[in-house]
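Student: Heads up, here are the entries from TrEMBL:
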type: ACT_SITE; residues: H131; note: active site, proton acceptor
type: BINDING; residues: C139, C144, C200, C203; note: Zn(2+) binding site
type: DOMAIN; residues: 8-316; note: domain 'Deacetylase sirtuin-type'
Amino acid sequence: MAASARPSVVPQKDLESFQEHLDKSTRILALIGAGLSASSGLPTFRGAGGLWRTHDATQLATPEAFGRDPGLVWQFYSYRRHMALKAKPNPAHYALAELARKKEDFITLSQNVDGLSPRAKHPPDQLKLLHGSLFDVKCSDFFCNYVESNNYTDPIVPALAIPTDESDPTTTSALAARELDISDINVDLPELTFSHLPRCPKCKRGLLRPGVVWFGEQLPAKVMRDIEEWMVGGDKIDLIMVIGTSARVYPAAGYVDAARAKGARVAIVNMDKNDVPASGLYKGDWFFEGDAAQIMPEILKGVIGELGDMPDAAEE
Ligand code: APR
């Protein structure tokens, strides 16, 4: 066997049995979550990274939070847009994108809104964005249907610019001043009112809001339909990979059991060995413990080969 370019991070026995199964699998699903982007430097939601200033990040992701304090919610999302734009896709994003090119009946169900899988050139038809995108914006007015995709303007309005430390002695101009980390509670946030926030260009009445799915909201109808069609489009499913997600949020987490019901073996890739789906692990499943960015290229290598150049669509 040829020597591997990277040191192995998974037990050989698991690797062999997984690769053998992957090789003969045709209908494959992946359910991905925030842990996939963790090594790109983006925080996860639960556990250590889940606090934004003094707020539980999941508490800011609701229509009620936006109704109560749209300025605060926009500051949180503006920060996330900014951080996601600064981040780069990692080898796990590229490995999944390559697998999609190699296995045409493979779809990835993404709970991530950070845009990193699209930037890794994941084939769009094989990537289902369950929770929308940070780079979509839509009108929050119930009677207006304005939606804009791929809005990468950062900041989206001047008032949402990340504040900088103009007193930083290492800089000579305010513009070049050190950018502050607004997740730090010692950094004051400006008070924002309605007039500072992005307004709908269509109805001119409503505030724009991030095009992500908040708690209590429906998942995008077309995405759900596509997935449903795929699920019923074959007698069985061979494999579901559950990567970097606590698999606690429904309906996304429900796809693990739905795939299992159609015969799928489950492969989990997670830093935390306690993060198994609610139905647990069955005989014949795999648990690959560690960083998805290291594990994914290794376990998929038999099909995708070594990852070559990793182009970031954002830089082209
Ligand atoms: N490699 C693999 N797994 C990792 C890594 C890593 N480098 N870092 C963290 N993890 C794991 C954690 O152990 C955890 O199981 O990733 C998972 C992240 O879980 P969550 O923070 O709950 O994120 P996610 O599952 O994507 O959350 C689902 O909840 O708040 C909502 O809408 C939000 O889409 C999100 C949804």
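Just so you know, glycine gets a Cβ as well, placed from its N, Cα and C.
TrEMBL annotations: computationally assigned, not manually curated.
Keep in mind that this is a model prediction, so the values were computed, not measured.
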Student: Counting Cβ atoms within 10 Å across all protein chains shown, which of the binding-site residues C139, C144, C200, C203 comes out on top?
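Tutor: In terms of Cβ crowding, the pick is C139.
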Student: Which of these binding-site residues is closest to H131 (active site, proton acceptor) if you go by CA atoms: C139, C144, C200, C203?
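Tutor: Checking each of C139, C144, C200, C203 against H131 (active site, proton acceptor), the shortest Cα distance is to C139.
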Student: Where ligand 1 binds, which of the recorded positions H131, C139, C144, C200, C203 are close by, with Cβ under 6 Å?
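Tutor: Passing the 6 Å Cβ check against ligand 1: H131.
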Student: Return the count of C-beta atoms lying within 10 angstroms of the C-beta of the residue listed as 'active site, proton acceptor', excluding that atom itself.
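Tutor: The residue listed as 'active site, proton acceptor' is surrounded by 22 other Cβ atoms within 10 Å.
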Student: Other residues with Cβ within 8 Å of the Cβ centroid of C139, C144, C200, C203 at the Zn(2+) site?
Tutor: S140, D141, F143, N145, Y146, K202, K204, R205, G206, L208
